[in-house]
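Read the structure below first, then the notes.
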């Protein structure tokens, strides 16, 4: 039996939310979670899978990349995902929003290069994600999670942060050379 669910909508260009098609029976359920053909135009030769286990109250981000996309799925718990379009030539430049993802729904969230992303784990969560570049550190950029100029509508006010995330620069302090452009990804 197939049990469709309704995904939230997003107002940021090129973000995609994939609703899995669940097949259920007496054993449980099954869904296909990834196909490279869903996101054509990206090099998949360095596809890397990652897992992030977060304790209650943790916030990770905001991070962004010039070359790498992220594809997120929550496998335990729920998260609040903060997104900001940092691509200067995008029709949704500097638009910010928060989406909620949980393990029960199993939605996949595609985050293109140039969109800053982070997540807050109110009660603890496990997130698995695919990226299309092996980690090297050269395509890792950060911006302050609560930068008032970006105005991400987080529900948290005092999250647990890494040193890197708590000391990330504000958007106004990031040099143009470290700011993404949408044209680079198309």
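Placement of Cβ uses the backbone N, Cα and C atoms for every residue, glycine included.
Annotation comment: TrEMBL describes 63 as active site, proton acceptor. Within 10 Å of the C-beta of residue 63 (active site, proton acceptor) there are 19 other C-beta atoms, taking all protein chains into account.
Here TrEMBL flags 129 as active site, proton donor. Around residue 129 (active site, proton donor), the same-chain residues at least 6 positions away in sequence with a Cβ under 8 Å from its Cβ are 49, 50, 51, 52, 70, 71, 72, 73. Secondary structure at residue 129 (active site, proton donor), taken from DSSP and collapsed to helix, strand or coil, is strand.
The compositional bias 'Basic and acidic residues' annotation in TrEMBL covers 176-186.
Taken from TrEMBL, the feature region 'Disordered' covers 163-186.
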